[in-house]
Protein chains: 2
Amino acid sequence: MLNIRRLSANAAGFREELDQLLAWETVSNQSVNDIVNEVCARVRQEGDAALLEYTAKFDRLELKSGAELEISKDRLQQALQNIPAAQREALEISAQRVRDYHERQVQDSWTYEEADGTMLGQQVTPLDSVGLYVPGGKAAYPSSVIMNAIPAKVAGVEKLIMVVPTPDGEVNEMVLAAAAICEVDAVFTLGGAQAVAALAYGTETVPAVDKIVGPGNIFVATAKRLVFGTVGIDMIAGPSEILVYCDGKTNPDWIAVDLFSQAEHDEDAQAILVTQDADFAAQVYDSMNKLLPTMPRKEIIQKALDDRGAIIVVDNEDQAIEMINIIAPEHLELSVDDPKALLPKIRHAGAIFMGRYTAEALGDYCAGPNHVLPTSRTARFSSPLGVYDFQKRSSLIMVSEDGANTLGKIAGELADGEGLQAHAASARYRVKD
Amino acid sequence: MLNIRRLSANAAGFREELDQLLAWETVSNQSVNDIVNEVCARVRQEGDAALLEYTAKFDRLELKSGAELEISKDRLQQALQNIPAAQREALEISAQRVRDYHERQVQDSWTYEEADGTMLGQQVTPLDSVGLYVPGGKAAYPSSVIMNAIPAKVAGVEKLIMVVPTPDGEVNEMVLAAAAICEVDAVFTLGGAQAVAALAYGTETVPAVDKIVGPGNIFVATAKRLVFGTVGIDMIAGPSEILVYCDGKTNPDWIAVDLFSQAEHDEDAQAILVTQDADFAAQVYDSMNKLLPTMPRKEIIQKALDDRGAIIVVDNEDQAIEMINIIAPEHLELSVDDPKALLPKIRHAGAIFMGRYTAEALGDYCAGPNHVLPTSRTARFSSPLGVYDFQKRSSLIMVSEDGANTLGKIAGELADGEGLQAHAASARYRVKD
């Protein structure tokens with residue numbers, strides 16, 4: 001029997017309970033920090049030698065030389081042959097749909113000219129090189145390769161380097177096949193903090209990159225925080241979450257399994273149902289209890305739902321929207337008749353799944369939009385992974401002789417006000433009159 | 001006499017010397033970390049009481065209540081009256097030009113529909129609230145208020161909260177006047193880690209915001225790193241830098257003072273000249289020695305140039321471009337005949353100042369583009385501050401009944417491959433045939 005929280009938004013103490021439910025802080029304890037500091041420092045100083053040592057120690061994989069760290073292009077192509085045809089086709093369709101969607105995110109350079117001939121604008125360029133971390137073991141997801149690699153490729157990144165640990169030599173064929181489909185430029189069998197350090201600092205074998213993306217455990221996340229500044233990083237993700245808002249008219253079994261699909265990720269995952277229909281809330285609860293035993297990952301689902309899940313009954317749609325904007329969910333499912341009508345009121349959500357047919361799982365794999373999304377209320381200030389994360393901008397300023405005459409006086413005045421007289425002099429050298 | 005490095009790009013050991021010259025890591029030592037941890041924890045728990053205590057301690061400013069932390073709108077308007085008319089006009093023109101430029105960065109929501117009726121897109125929305133840190137004391141710059149506040153306002157941020165310390169009660173009238181011109185929504189006399197903590201967690205008086213931007217000292221930077229995740233932050237900036245590339249045909253005095261204008265920021269600032277004309281390099285060196293005594297901030301300029309500056313002679317334009325892309329400068333001045341021709345080869349730079357009339361100082365104050373730029377080679381992966389930093393995106397996915405039939409099968413196949421059976425079930429509920 002599920003022991004998921006069943007709450008009323010009008011009950012006393014509801015807001016405090018909700019805040020507690022949403023609270024999440026990824027804290028690296030001192031021992032994790034110490035290990036990561038040492039691993040990164042040694043990889044930075046010793047290069048391949050440290051990588052081989054750590055790979056032997058943490059992944060129980062004995063390699064003789066740096067060269068053996070690379071998984072060859074031939075091996076990636078072989079993986080593409082090894083997997084069932086239906087899987088390969090599904091991966092290819094997914095990659096193509098993700099590509100189609102992300103091509104619409106490409107940003108172009110722009111300039112404009114002012115009356116005095118001064119030209120202003122921005123030059124948009126791809127990053128030179130990107131490292132993609134892919135976890136090994138139980139959370140090895142080919143969809144994650146597609147979602148991280150395709151936007152980088154669409155942006156025009158020329159060197160996309162993937163690292164994926166193969167603990168005890170165990171290789172995930174689907175992950176390698178996805179790397180082949182996405183035309184990743186090189187793959188290394190590396191994981192943990194040592195993989196992040198190799199990508200940040202470079203070794204004899206692994207090239208240094210400009211940005212590191214992709215999910216990982218606490219060691220990977222801590223290492224990413226450490227090397228941030230030397231390279232760019234994506235967001236440090238918290239546990240995955242969904243908020244399903246339903247008007248009560250969707251099949252409760254569908255909603256129950258939508259919630260399960262989030263909860264099955266791991267025991268910290270969060271699934272919340274918000275509805276104004278108390279009867280429907282009870283039906284979904286019954287469906288969950290009925291369907292839970294049929295789920296292979298039922299232990300994880302139950303623990304996630306009991307610890308961090310909730311069914312929240314609200315008064316009406318307005319209160320539901322208020323709830324959504326407070327929670328700022330990573331995934332928001334609007335299982336209602338007219339989801340488009342709600343969009344203008346939704347201020348914070350990583351991805352919005354609209355209508356009764358849009359299961360979140362479709363977005364995870366193949367709808368097109370990215371499945372790397374802001375978690376833990378960070379949708380208040382951040383966005384899905386996209387092509388824009390692999391492009392950068394340079395301001396363009398070309399001031400004409402006349403422009404310098406005008407702007408030089410203004411800049412001189414302000415520089416004087418700030419006590420920066422060399423700035424003032426530099427501006428005034430270009431003033432004619 | 002200046003003791004700036006004079007290097008040849010072809011000399012033995014040049015690349016090692018360059019790497020050393022460019023090396024910069026902002027490291028917060030343990031004592032800074034300890035202070036910041038305590039300050040943030042206490043502000044989070046005790047709110048205004050902790051703010052008043054720290055403001056008395058660090059800014060030597062005794063306030064009786066949280067309400068006294070706020071600098072009123074009337075006081076901001078009064079500052080606008082207090083400053084000289086020429087300054088006010090310069091600030092107003094600067095704000096208007098920055099607004100005009102940044103309006104071109106606004107991104108709009110977009111959607112598209114597929115043949116089966118499935119709708120995909122992105123909804124773009126402004127952040128609800130932003131905190132702007134403005135340093136007090138010697139580095140109190142009204143231009144910084146304009147450069148941080150205007151993009152947020154153009155993005156549509158409704159609550160823009162500024163904090164600025166007034167150590168010993170000393171108020172910078174120009175900073176307050178700039179806040180009035182930018183229509184900042186509230187200003188608090190707060191600085192240091194306590195200001196960052198107040199903006200991140202909120203107190204009785206200071207509202208919590210969604211993102212914190214703006215420059216600050218090591219305590220501010222360390223606090224921003226600490227609260228990152230609870231709120232968004234902008235880049236942690238290193239010392240400011242310029243690379244001037246000149247073909248040898250610009251007045252050497254102009255170039256000398258352009259380099260000074262960077263060096264005068266602080267002793268860690270970096271100014272580098274790259275030229276293929278060895279005679280010109282010598283002329284600029286002579287100009288620098290001639291003009292240095294005329295500069296009010298000559299001690300700072302000399303220390304910055306001696307410690308971190310360089311004049312680099314290269315063989316030709318191609319080698320100059322290579323140098324630019326290695327250094328990835330915050331500010332790049334292309335003091336040449338045809339700077340537009342070089343643009344396609346420049347891969348990394350925060351802002352590009354093109355032609356002999358575009359002194360970097362014009363961009364600092366009033367050209368239009370932002371002066372908050374990526375430092376310390378981070379232009380390899382990051383961009384000038386812009387409207388895009390104050391907007392966020394939500395993916396939109398509305399799958400039609402037919403679309404769910406097609407996509408449900410693909411998602412089911414991939415979910416099975418990843419061992420996520422609830423995902424598969426959720427997708428397959430929507431498959432008809």
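Any Cβ shown, glycine's included, is placed from N, Cα and C.
Per TrEMBL, the features are:
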BINDING   A:Y133, A:Q194, A:N217  NAD(+) binding site
BINDING   A:S240, A:Q262, A:H265, A:H331, A:D364, A:E418, A:H423  substrate binding site
BINDING   A:Q262, A:H265, A:D364, A:H423  Zn(2+) binding site
ACT_SITE  A:E330  active site, proton acceptor
ACT_SITE  A:H331  active site, proton acceptor
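Filtering the recorded positions A:N217, A:S240, A:E330, A:D364, A:E418, A:H423 for a Cβ under 8 angstroms from any Cβ of chain B leaves A:D364, A:E418, A:H423, in order along the sequence. The least crowded of the binding-site residues A:S240, A:Q262, judged by other CB atoms within 10 A of its own CB, is A:S240. Annotation note: A:N217 (NAD(+) binding site) sits in a coil segment as assigned by DSSP. Taking the Cβ of A:H331 (substrate binding site) as reference, residues of its chain lying under 8 Å away and at least six apart in sequence are, in sequence order, A:S240, A:E241, A:I242, A:L243, A:Q262, A:A349, A:G350, A:A351, A:F353, A:E360, A:G363, A:L373. Rounded to a whole number, the distance between the Cα atoms of A:E418 (substrate binding site) and A:Q194 (NAD(+) binding site) is 46 Å. According to DSSP, A:Y133 (NAD(+) binding site) is assigned to a strand segment. Reduced to three states, the DSSP call for A:S240 (substrate binding site) is coil. Sequence-distant neighbours of A:H265 (substrate binding site) (same chain, 6+ apart, CB under 8 A from its CB) are A:P239, A:S240, A:I300, A:A304. Around the Cβ of A:H423 (substrate binding site), the same chain contributes A:A411, A:A415, each under 8 angstroms and 6 or more positions distant in sequence. Spacing of A:E418 (substrate binding site) relative to A:N217 (NAD(+) binding site) is 47 Å (Cα to Cα, whole number). It is A:E418, among the recorded positions A:E330, A:D364, A:E418, whose Cβ has the fewest other Cβ atoms within 10 Å in the structure shown. A:Q194 (NAD(+) binding site) is surrounded by 30 other CB atoms, counting those within 10 A of its CB over all protein chains shown.
Each of A:P135, A:V163, A:P165, A:L190, A:G191, A:G192, A:A193, A:A195, A:V196, A:G216, A:F219, A:V220, A:A223 belongs to the same chain as A:Y133, A:Q194, A:N217, is absent from that list, and has a C-beta within 8 angstroms of the C-beta centroid marking the NAD(+) site.
Taking a C-beta cut-off of under 8 Å and a sequence gap of six or more, A:Y133 (NAD(+) binding site) has these contacts in its own chain: A:V163, A:V164, A:A195, A:V196, A:L199, A:I212, A:V213, A:G214, A:P215, A:G216, A:V220. Reduced to three states, the DSSP call for A:H265 (substrate binding site) is coil.
For the pair A:D364 (substrate binding site) and A:E330 (active site, proton acceptor), the C-alpha distance works out to 12 angstrom. DSSP assigns A:E418 (substrate binding site) to a helical segment in the three-state reduction.
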